[in-house]
Amino acid sequence: MVTNRTFTMIKPDAVANGHAGAILDRIIKAGYKVVALKYTKLTTETAGQFYAVHSERPFYKDLVSFMSQGPIYAAILEKDNAIEDFRKFIGATDPSKADAGTIRADFAKSIDANAIHGSDSDENAAIEGNFFFNNFERF
Ligand code: GTP
Ligand code: MG
């Protein structure tokens, strides 16, 4: 099922560095409609649940620790071809490999502190959006 929606988090590094406003502005100017938005903070427990798919990977502990270290913005975004376009828009996971002009090229410092999350499939976008938002919090 193609939903034309994706889920994003502006990660703790980008929020702490004061980049959240600039990143949200770029998201909106790139044509994404914000259909849900929340300023919140993950705990080690909720970050662990969110990234449970990576629980066997060597970087899991660092990822959970990093993602729960400070506040984030979570959002559901709508646009045609949202999943694929947003992944291109944010750039490669490792910012040193991200294309020029992408969010990670411009705002990320490392593969851990990589500024932003984007869902990798329609199915995961729905799961991730439901993780953060109930039916009264999205339109
Ligand atoms: P997200 O949008 O955050 O899901 O990133 P992604 O989809 O580009 O990458 P992936 O889902 O594979 O990994 C989730 C997060 O784990 C990444 O954003 C990285 O911060 C971290 N990560 C992934 N691969 C590595 C790795 O090889 N080494 C380290 N240190 N961290 C990694
Ligand atoms: Mg991912």
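Placement of Cβ uses the backbone N, Cα and C atoms for every residue, glycine included.
Per-residue pLDDT, averaged over the domain 'Nucleoside diphosphate kinase-like' (3-137), rounds to 97. Feature annotation from TrEMBL assigns domain 'Nucleoside diphosphate kinase-like' to 3-137.
Here TrEMBL flags K11, F59, R87, T93, R104, N114 as ATP binding site. Cβ-based neighbour count (10 Å, all protein chains) for R104 (ATP binding site) stands at 24. Under DSSP, R104 (ATP binding site) is assigned to a helix (H, G or I) in the three-state scheme.
Positions annotated as active site, pros-phosphohistidine intermediate by TrEMBL: H117. Of all Cβ atoms in the protein chains displayed, 21 besides its own lie within 10 Å of the Cβ of H117 (active site, pros-phosphohistidine intermediate).
For the binding-site residues T93, N114, the greatest number of Cβ atoms within 10 Å around a candidate Cβ is found at N114.
Non-local contacts of F59 (ATP binding site) by the CB criterion (under 8 A, 6+ apart in sequence, same chain) comprise D112. K11 (ATP binding site) sits 7 Å from H117 (active site, pros-phosphohistidine intermediate), taking the CA atoms of both as reference points.
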